[in-house]
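These come from TrEMBL:
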type	residues	note
DOMAIN	37-285	domain 'G-protein coupled receptors family 1 profile'
TRANSMEM	22-44	transmembrane segment
TRANSMEM	56-76	transmembrane segment
TRANSMEM	96-115	transmembrane segment
TRANSMEM	136-159	transmembrane segment
TRANSMEM	194-216	transmembrane segment
TRANSMEM	237-256	transmembrane segment
TRANSMEM	268-287	transmembrane segment
Amino acid sequence: NHTLLTEFVLSGLSNHPELQNLLFFTFCLIYTFTITGNLLIFMATVHPNLHMPMYFFLRVLSFLDVSTTSVVVPKMLVNFLSVDRRISYMGCATQLYFVIFLGATECYLLAAMAYDRYVAICNPLRYAIIMNSRASLSLVLLSCGSGNVVSVVQTAWVFTLPFCGPNKINYFFCDIPPLIMLSCTDTSLYEKQIVTATVLVIFTPFCFILVSYSYIISSILKISSAEGRRKTFSTCSSHLIVVTLYYGSGTLIYLRPKSSNSQDTKKVLALIYTTIIPTLNPLIYSLRNKEVKGVLVKVIAE
């Protein structure tokens, strides 16, 4: 005799009213920096001097980061200053779709970027032939298509579950773990399906990345010059940093969606891949890449 829900309420990051203004200004600053930094990266990688596939992938990564943080942060900022934190049923479903779509697409894109580095370092003479513009675009479209399939299936499955109340989501955006905890039916089958999706979206690309980097490291060690080894590895280390942070936080959240881990811990992990990583990416890729830094200086100077 329960009434099905037509809206949800997002609890946000903190239940302490005295912290809301501070959190608003903090994340407003982070959001501004994220948008500005990624737009600069996007503008820099359009420059004729950076026409390699690596920079095309980096441009797409910047677009995904801006999109991900824009799906989550604006609503979170409004809720910091509002007593009414409701989100409609369809609004919640839409937000969940885009969070999963963008997140899954980025997971596959990071694997494509690892393959690009593998070809560049292990097959440098054939790099231009293998990683031509058509191949690069195909990898991006394949990443987007795979992310869309995963997102459609996951979102449809979550919102076929009955939600009978309460309607308060102990999170700052609509995500799978807090939503299935509100369902008034047995979700054990769905939890197994999430584990399967996690393997496909996170572990499979991650294993591909590990294989790629095993070949890359093997090739780097064969370089006789210490300076050559250092320069070659520096082009890959920034990508490894992003992979570790992104895949690690996603795994801890989705591998055990109804684990005993506190929701506060999951909120922190969710902040990493929705807010912190999109902010760090411009710093990681610009500060560790002389070509990007050089073009950025020219862009800013103009």
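Every residue, even glycine, has its Cβ placed from backbone N, Cα and C.
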Chain residues in Cβ proximity to the transmembrane segment (22-44) (below 8 Å; excluding those fewer than six residues from its ends, i.e. six or more beyond): 13-14, 50, 58-59, 62-63, 65-66, 69-70, 73-74, 76-77, 80-81, 275-276, 278-279, 281-283, 285-286, 292, 295-296, 299-300
Within-chain partners of the transmembrane segment (136-159) [C-beta distance under 8 Å, separation at least 6 from its ends]: 53, 56-57, 60, 89, 93, 96-98, 100-109, 111-112, 115-116, 176, 179-180, 190, 193-194, 197, 200-201
Local confidence of the prediction over the domain 'G-protein coupled receptors family 1 profile' (37-285), expressed as mean pLDDT: 86
Cβ contacts under 8 Å made by the transmembrane segment (268-287) with residues that lie 6+ beyond its boundaries: 13, 27, 30-31, 33-34, 37-38, 40-41, 44, 58, 61-62, 65-66, 68-69, 72-73, 99, 103, 171-173, 175, 238, 241-242, 245-246, 249-250, 252-253, 293, 296
Long-range Cβ neighbours of the transmembrane segment (96-115) (under 8 Å; 6 or more residues past either end): 54, 57-58, 60-61, 64-65, 67-68, 71-72, 139-140, 142-144, 146-148, 150-152, 154-155, 158-159, 173-176, 179, 201-202, 205-206, 208-209, 212-213, 239, 242-243, 246-247, 250, 273-274
